[in-house]
Amino acid sequence: MALGRHLSLRGLCVLLLGTMVGGQALELRLKDGVHRCEGRVEVKHQGEWGTVDGYRWTLKDASVVCRQLGCGAAIGFPGGAYFGPGLGPIWLLYTSCEGTESTVSDCEHSNIKDYRNDGYNHGRDAGVVCSGFVRLAGGDGPCSGRVEVHSGEAWIPVSDGNFTLATAQIICAELGCGKAVSVLGHELFRESSAQVWAEEFRCEGEEPELWVCPRVPCPGGTCHHSGSAQVVCSAYSEVRLMTNGSSQCEGQVEMNISGQWRALCASHWSLANANVICRQLGCGVAISTPGGPHLVEEGDQILTARFHCSGAESFLWSCPVTALGGPDCSHGNTASVICSGNQIQVLPQCNDSVSQPTGSAASEDSAPYCSDSRQLRLVDGGGPCAGRVEILDQGSWGTICDDGWDLDDARVVCRQLGCGEALNATGSAHFGAGSGPIWLDNLNCTGKESHVWRCPSRGWGQHNCRHKQDAGVICSEFLALRMVSEDQQCAGWLEVFYNGTWGSVCRNPMEDITVSTICRQLGCGDSGTLNSSVALREGFRPQWVDRIQCRKTDTSLWQCPSDPWNYNSCSPKEEAYIWCADSRQIRLVDGGGRCSGRVEILDQGSWGTICDDRWDLDDARVVCKQLGCGEALDATVSSFFGTGSGPIWLDEVNCRGEESQVWRCPSWGWRQHNCNHQEDAGVICSGFVRLAGGDGPCSGRVEVHSGEAWTPVSDGNFTLPTAQVICAELGCGKAVSVLGHMPFRESDGQVWAEEFRCDGGEPELWSCPRVPCPGGTCLHSGAAQVVCSVYTEVQLMKNGTSQCEGQVEMKISGRWRALCASHWSLANANVVCRQLGCGVAISTPRGPHLVEGGDQISTAQFHCSGAESFLWSCPVTALGGPDCSHGNTASVICSGNHTQVLPQCNDFLSQPAGSAASEESSPYCSDSRQLRLVDGGGPCGGRVEILDQGSWGTICDDDWDLDDARVVCRQLGCGEALNATGSAHFGAGSGPIWLDDLNCTGKESHVWRCPSRGWGRHDCRHKEDAGVICSEFLALRMVSEDQQCAGWLEVFYNGTWGSVCRSPMEDITVSVICRQLGCGDSGSLNTSVGLREGSRPRWVDLIQCRKMDTSLWQCPSGPWKYSSCSPKEEAYISCEGRRPKSCPTAAACTDREKLRLRGGDSECSGRVEVWHNGSWGTVCDDSWSLAEAEVVCQQLGCGQALEAVRSAAFGPGNGSIWLDEVQCGGRESSLWDCVAEPWGQSDCKHEEDAGVRCSGVRTTLPTTTAGTRTTSNSLPGIFSLPGVLCLILGSLLFLVLVILVTQLLRWRAERRALSSYEDALAEAVYEELDYLLTQKEGLGSPDQMTDVPDENYDDAEEVPVPGTPSPSQGNEEEVPPEKEDGVRSSQTGSFLNFSREAANPGEGEESFWLLQGKKGDAGYDDVELSALGTSPVTFS
């Protein structure tokens, strides 16, 4: 044993006097490293940052730092101010972490003070090098592979379910691997066998690293996936012209590869490659590629990668590259280029076959030899990176047929043109029909070819197509430009659409000529100004490009030189806000909406009106078109919408109806008039959007008005939030469904040329963000169709005695109407009660006593199952109902705070003709099956289970898809189906499997009415159980950096975390929230907290909980929507309780991590402390023996127990005494499996704290070396008798050695004496056991073995081996089967579930009593040795 070297007095002193600092975790940071996860460790105390002294700094301390910072695993722990000396205080002299703590505050450490006052300096400042939070594993290098993040314990793969390119970009940038080239599923790399990370990352693409990206927890703790996400990065991140070049547009080519600059070899270097670099650097085009060493420095590292550019790429790393197999490169043969700067030069479009002199770069005079003169372009797509594919051959441009056309083919086209990744491969002449020859047909590219004409095909010019089958592509480098402002068209924040995302433009430096180019491109006049005094813009977005310097010859922003495009080209305060000269604005006021009212124009800072002389429908058409308000319905005069104020800008306006702006129509001239404000003109427009072709104004094909005609909107990327905005704008309630072109006749007109990207909180469709479709035509299979609920609210009103009793009224298209009782049932009534938060329905009384005669009656018939959350979620028959008398209107009496279970029935109801279901007539249930979702964390996500004939069973996932999931979500009133999961995603169920091969259309009322194999027929097992995730899945949390029971209140709804509004939020509501979160019974609303940063949904307002509510979901509230209030009204709650942490670490933990030793001379000796109810506490030494110590040592992985220490020998602990009268058998795997008094119940003081000393040592503490400053000077009086301590330790070591030698001698002697009599001696063993049992019954024999007192080691042979039962334990009682052989049952009551009673040894059993060293055969010798943690040994 090597215990001696671990027991230096200095190390023991430090361990004993290490002070635990309570309160919140110390704030940490790493400084002066190359990234966030390495550097000098600094601690913030009293508002000031200071360092940690590197004395005794270990990998375990570094591991805790990395875990606290979310930086993965510790891979280095340099001291000696490796990252430079810090400034300011030295706050910590040492830390003593075990390595499993979640924060440094959980470790023992020195008092926090400035140790510079004690003579210490920054020369030993501690540092850390962490692995980082994310890595790419399993690929061909650090820049490609499976995405894995570090939990603080292990690397865990990330699901590919909702993994985005924006997230991949963050990962590649963080790893120094350039930009993301592709995001793949599990097929490229070997799938990890570990679990999948339980969160989805929602990066926007601008974050500095993955750790700070927003995250969303996966329902049930497991993300839906088909494998782990895979990312391939480019590795190349920057390019420059450097060294001896005379300017930034001339010099040697160098690339930043994984953080290092390297020169590029001239092998295969061509003018086409050089042209790409000049374009990328904003240096015009390449003039020449000079050879020779005059541009080269000998110290450069040479990169032998060979690029194969066509010359049209935007970035060098967009070109095909051969990274392997290149020859060695001399310094005289590195690539260089001289760019034109601001000259314009056209580069021939050639393929990548270049004639090059051996051993030298292409010279300035040698033009590239083009072995293939074909050229490629995209036309009619609105830009060079989207459109119909055309190839030039033999002087003629021709097209490609769409037979077999797919993304692999499109990838080749996009790569060849330098347009990034392929987003879409279009067919059917999506960008219009071409003309001329059709060059290719039946193309079958692998996606890796350098040119599209090198892919397999029918042959050049061979086809069976017409131009209506012309192929097209949309690439990621497609660009667009806009200004963003709430109320202006020609002034606002300048944004570009790039790489699939809108982002801002930087203003530094932006001269007048650049602003003029932008204004002309946007049709906003010929000049403008840059506004640098506008307030900082809210929210986050990319800043795509900086240093734009347009020239007089440029006609668009895309032609202007600039810095390279990247995600963060500047800071948010440098985003450009531009005013163009033509910045007049127009609005309609006092008309009740944006699209009707008095016409007003803003000019030179003043709003003025238009005189109504000659004002007619043609003038109104121009106004409606200009505002995006559809067609003109009326042109009002004589101040129909009230009189305005300010100037009268126009009079005698005489538009033709075709003008783009009303001030461009003929008139008397600006400010020329003979009117007053009694003659102010107005308009009434139809509005921007309508639903057409349905059965009313609230369902149908989505159409928007272009100013000329109604145009349908594409269903390609149409979303539910967009539908919600449309329904709300039209006064049609909420969106029930979004469909394709099936239910309604497709319009003959063109499709709207933009995609709407509504968040759901916009007041109207016009104000939603939009993205232009490439080529002006959106990809679609038809027009988008929306069905709105029409019904927006429900109430119980009139003669009812409370809000939970009365006549049922519904708000239909903005008007309240009573509901006829036709088909009114208790199931329908129960949904109304639930929706209003009024409990369940008690009865549905009929008769006029709850009715007023003036009500309008709705004859809609609802067919609820009773489980829906909203009445309008039920199937409804709106047409064909009979007339309804006022005496037959629906009514209900709800329980209020009563609880009553409603039978789950289908929608077939027996009802008397002409009357509502009476209170006495219970519904007739033709089908008593029930449906539920389990193990998903809420009622709207989980494994699908059906109750039939008293048994809950599951559905097999064969053919399980979103149509099936839609039926389930609708049936449960859980909104839209977001995901249909298979493979027991929410865990395997039990019981029968009721359905298999389900094939729903999505419109069935109940899932068991869908076509299937038949009830109970299947060929599945429960590992194929189906599940769903619905949009109404809810969760609740508080968000705070350092508190568990205080923070910003957030709900998870519709797939996103969002905040809760605080107005009005009374004490009872706060109490319900605190109880639901396990944070006590009361709390307070904090209104003085600062405004929260960032943007998020604000899902719900006006929450008013009642005394009977047990969760937030039961409380009445305002309607749930995206923006229910302003950011300053978000709720911040502080609860009085403190939710106890279930684990001492941040992550899930095992029993081993809930047990520790403190105050000892090594990590395997000390006072026993256990974690319970959120805090560490001690164990009382009553009944504490070597058996209990053995369990502790084994649980901690510290070998065998050497001593069971009592009487607080390692110092008294503090806090609770969690356990008393612990009684173990010695074989338990965990202390929790032993019998004990109930948690926290003891009659002890800390002077009786139990401890252990184990044989093993898990860590090695550094010994003190000469010349190292000791801590005894600053910490006096730790040990007054060091000699006594050494004597005790030496004695213990000696006794342990004596015990081991004695045991080995006994075993060896017995084996030699008995080796020839194995059978006879085995019989003798059992006789001896019987004799021992007889002896134990007496309890008075002096020969009996007893527990050895702490100080008694006189008789080594009688020291009980761990696990030996106490003599006080009888053996006559029959031991229950669940306690035999140490098998544990679940912990119940006050016991830690294992009895110290030993089972009777039976035939074939290995009893613990055999470990007492009695005679036995060789098999028992093996057991004896194993009990001491030693491998069986054969002695000769």
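Placement of Cβ uses the backbone N, Cα and C atoms for every residue, glycine included.
What Swiss-Prot says about this protein:
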| type | residues | note |
| --- | --- | --- |
| DISULFID | Cys66-Cys130 | disulfide bond |
| DISULFID | Cys203-Cys213 | disulfide bond |
| DISULFID | Cys265-Cys329 | disulfide bond |
| DISULFID | Cys278-Cys339 | disulfide bond |
| DISULFID | Cys309-Cys319 | disulfide bond |
| DISULFID | Cys414-Cys475 | disulfide bond |
| DISULFID | Cys550-Cys560 | disulfide bond |
| DISULFID | Cys611-Cys675 | disulfide bond |
| DISULFID | Cys833-Cys894 | disulfide bond |
| DISULFID | Cys864-Cys874 | disulfide bond |
| DISULFID | Cys1193-Cys1254 | disulfide bond |
| DISULFID | Cys1224-Cys1234 | disulfide bond |
| DOMAIN | 481-581 | domain 'SRCR 5' |
| DOMAIN | 1036-1136 | domain 'SRCR 10' |
| REGION | 1337-1410 | region 'Disordered' |
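The shortest Cα-Cα distance between Cys874 (disulfide bond) and any of the disulfide-bonded residues Cys203, Cys675, Cys1193 is the one to Cys203.
Note on proximity: among Cys130, Cys265, Cys329, Cys414, the disulfide-bonded residues of the record, the Cα nearest Cys675 (disulfide bond) is that of Cys414. The average pLDDT for the domain 'SRCR 5' (481-581) in the predicted structure is 83. Across the fold, the C-alpha of Cys309 (disulfide bond) and the C-alpha of Cys414 (disulfide bond) stand 12 Å from each other. In terms of Cα spacing, the disulfide-bonded residues Cys130, Cys213, Cys414, Cys560, Cys864 all stay beyond 10 Å of Cys329 (disulfide bond).
When the neighbouring Cβ atoms lying within 10 Å are counted for each of the disulfide-bonded residues (Cys675, Cys833), the highest count belongs to Cys833. Around the Cβ of Cys1234 (disulfide bond), 25 further Cβ atoms fall within 10 Å across all displayed protein chains. DSSP gives Cys833 (disulfide bond) a helix state. Reported as a whole number, the C-alpha separation between Cys475 (disulfide bond) and Cys203 (disulfide bond) equals 22 Å. Using DSSP to sort the residues of the domain 'SRCR 5' (481-581) gives these counts of helix, strand and coil: 16 helix, 30 strand, 55 coil.
Comparing C-alpha positions, Cys1193 (disulfide bond) sits nearest to Cys203 among the disulfide-bonded residues Cys203, Cys278, Cys833, Cys864.
DSSP assigns Cys309 (disulfide bond) to coil in the three-state reduction, placing it in neither a helix nor a strand. Note on proximity: of the disulfide-bonded residues Cys339, Cys414, Cys550, Cys864, Cys1254, the one nearest Cys130 (disulfide bond) is Cys1254, by Cα distance. In the three-state DSSP assignment, the secondary structure recorded for Cys675 (disulfide bond) is coil.
Using a 10 Å Cβ-Cβ cutoff, Cys864 (disulfide bond) registers 26 neighbours.
Separating the Cα atoms of Cys550 (disulfide bond) and Cys864 (disulfide bond) is a whole-number distance of 65 Å. Comparing local CB density within 10 A for the disulfide-bonded residues Cys203, Cys278, Cys339, the maximum falls on Cys339. Following the DSSP three-state reduction, the secondary structure of Cys1224 (disulfide bond) is coil.
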